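What TrEMBL says about this one:
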DOMAIN    9-292  domain 'Tryptophan synthase beta chain-like PALP'
MOD_RES   47  N6-(pyridoxal phosphate)lysine
BINDING   77, 181, 182, 183, 184, 185, 269  pyridoxal 5'-phosphate binding site
């Protein structure tokens with residue numbers, strides 16, 4: 001149904017849920033597989049939900065004053081969402097991110113007027129967090145949304161993404177499969193499903209070369225958007241039934257499969273989540289995989305689509 005929006009922020013959410021019939025056949029699945037395609041948000045990712053919710057709640061609580069500087073460490077998509085939201089809400093924005101981030105992500109943030117500061121890639125998101133905190137301490141009145149620790153992060157998905165999935169699936173969900181970056185998406189969705197009495201299996205996905213949740217080991221990887229190299233406070237680990245490790249190569253393969261088999265141009269973490277469905281054990285009933293973003297911002301990544 002078409003709706004009339006007062007601004008672009010009101011267009012966030014309400015993304016489609018699509019059955020992946022070609023992938024079902026490719027993987028030999030015995031259950032239906034649906035994808036929540038978050039590229040249909042205004043800037044092309046699920047992080048639009050997070051960014052808007054964090055800023056909206058901060059303004060409501062009086063933590064973010066009109067015109068104040070917003071600072072955030074992010075691997076990319078939250079930065080893009082924040083850049084859009086800050087442009088609409090009238091806030092300058094400084095983004096700290098690892099230098100391994102794709103050129104497209106950086107350009108998109110700068111296009112919205114944000115300032116991007118790159119930190120050493122070998123330090124991962126931990127290095128970006130440290131640098132952002134230093135500027136916050138040096139700048140009076142500035143605000144860090146803190147996506148990795150802010151409980152309003154999972155709340156965004158408890159209030160929006162979770163209900164959308166539950167209603168579209170009419171409550172019949174055997175499993176939710178999602179990559180773990182900040183942990184907000186999988187935590188919020190899981191909390192909502194459990195509040196409705198659902199027994200859906202909650203399956204998290206992390207990089208094989210940085211299996212922090214499954215094996216306590218952090219390391220560099222190429223799956224942008226997941227595997228922050230530290231355990232985020234926004235993640236409720238008690239909600240996870242299984243954590244599946246996916247290699248960089250598997251994530252790339254999954255991303256290509258989505259494009260070649262389903263006509264869905266999605267990002268690398270989407271490919272990782274898809275391949276985790278293939279590895280998951282004992283999924284009982286329809287599964288929903290979260291495809292967080294648009295593949296267009298990864299076209300410069302060597303070897304991804306070729």
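Note that Cβ sites are derived from N, Cα and C of the backbone, with glycine treated the same way.
Keep in mind that TrEMBL annotations are predicted by a computer and have not been checked by a curator.
For the recorded pyridoxal 5'-phosphate site, residues 77, 181, 182, 183, 184, 185, 269 set the reference point as the centre of their Cβ atoms, and the other residues of that chain within 8 Å of it by Cβ are 46, 47, 50, 78, 147, 179, 180, 186, 225, 226, 292. All chains included, 28 other C-beta atoms sit within 10 angstroms of the C-beta of residue 183 (pyridoxal 5'-phosphate binding site). Of the recorded residues, residue 181 (pyridoxal 5'-phosphate binding site) and the residue listed as 'N6-(pyridoxal phosphate)lysine' place their C-alpha atoms 11 Å from one another. Spacing of residue 77 (pyridoxal 5'-phosphate binding site) relative to residue 47 (N6-(pyridoxal phosphate)lysine) is 6 Å (Cα to Cα, whole number). If you compare every pair of Cα atoms in 77, 181, 182, 183, 184, 185, 269, the residues listed for pyridoxal 5'-phosphate, the longest distance is 15 angstrom. Ranking the binding-site residues 77, 182, 185, 269 by other CB atoms within 10 A of the CB puts 182 at the bottom. For the recorded site, residue 77 (pyridoxal 5'-phosphate binding site), the DSSP three-state label reads helix. Mean pLDDT for the domain 'Tryptophan synthase beta chain-like PALP' (9-292) in this predicted model: 95.
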